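*Asks:* Handing you a structure now.
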Amino acid sequence: MGRAEMVVGPSEKAVAVVAYHVNDTINWWDDVNRSLDWQNRIFHVLAVLYGVVAVVALVQLIRIQMRVPEYGWTTQKVFHFLNFFVNGVRSLVFTFRRDVQKLQPEIVQHIMLDMPSLTFFTTYALLVLFWAEIYYQARAVSTDGLRPSFFTINGVVYAIQIILWLIMWWKPIRVLVILSKMFFAGVSLFAALGFLLYGGRLFLMLQRFPVESRGRRKKLQEVGYVTTICFSCFLIRCVMMCFNAFDKAADLDVLDHPILNLIYYLLVEILPSSLVLFILRKLPPKRGITQYHPIH
């Protein structure tokens, strides 16, 4: 009986092996998070990746300007410039990440880390505006109110965030930090729904075009891919901001969570920006452009 009780079955061995590997993975994660060398390596990797995306956006902006210099600041040009700006600032922030963490007062750290996120929202809200204009123009509906709405929404978002920063500067309490992160989670959800609404509408409208329509299939793929990518990235950002607000283990604003920073920024900014810039890489035609409107 004693010997029988000592026998360990295959299922118990499997559980023990899984538990060992899980524990080993957790230890590895903690070791990397605590290592100054690994922190610096990961932040420098993020800086390089953001720098590459910024250069790609700038090169594409120059190519568009050389192609259609007579059209001024079109929606397409502003979109690429904002991509260059956001990724360039992120690259600088991660290059000097340790110095950013030492900035005082603490509110300056929040501004340096959060302002690019707001500009990222504006960048892709501009794409939603572009699609909304195409959709309503195709349906012979007036688009006069779209641009004022775009500027109003962005103005309200920036105003609320600036007010929150000022209050946090005046009285830096944990509740205000949570409120600020939840506000941006709401903004991200709003952006995700915007892509779902107007990307979905434009996709369905293009599907109804005759099969032989020139460029129909390519435009369908373009709108479908970009809608899926942008909806997913803003939804992931919304979920992560909620965790970031309430769970210290998911805090993105500290130095000792480099792996989480790498995963988060890859999923919500670097990969989406790279894919969208690749999908929208086609240059506008030299003449007869009706869809590229100047930004007033």
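Using N, Cα and C of the backbone, Cβ positions are placed for all residues, glycine too.
Feature list, courtesy of TrEMBL:
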DOMAIN    26-296  domain 'THH1/TOM1/TOM3'
TRANSMEM  42-66  transmembrane segment
TRANSMEM  117-136  transmembrane segment
TRANSMEM  148-170  transmembrane segment
TRANSMEM  182-204  transmembrane segment
TRANSMEM  225-246  transmembrane segment
TRANSMEM  258-280  transmembrane segment
*Asks:* Report, as numbers and ranges, which residues of the same chain sit near the transmembrane segment (117-136): CB under 8 Å and 6 or more residues beyond its ends.
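*Replies:* Same-chain contacts beyond the flanks: 75-76, 78-79, 82-83, 85-86, 89, 142-143, 146-147, 150, 153-154, 157-158, 161, 184, 187-188, 191, 194-195, 198-199, 201-202, 205, 223, 226, 230, 234, 237, 269, 276, 291, 293.
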*Asks:* Are there residues at least six beyond either end of the transmembrane segment (258-280) with Cβ under 8 Å to its Cβ atoms? List them, or say none.
*Replies:* 29, 32-33, 38-39, 42-43, 45-46, 49-50, 53, 56-57, 60, 76, 79-80, 83, 86-87, 90, 120, 127, 222, 225-226, 229-230, 232-234, 236-237, 240, 250, 252
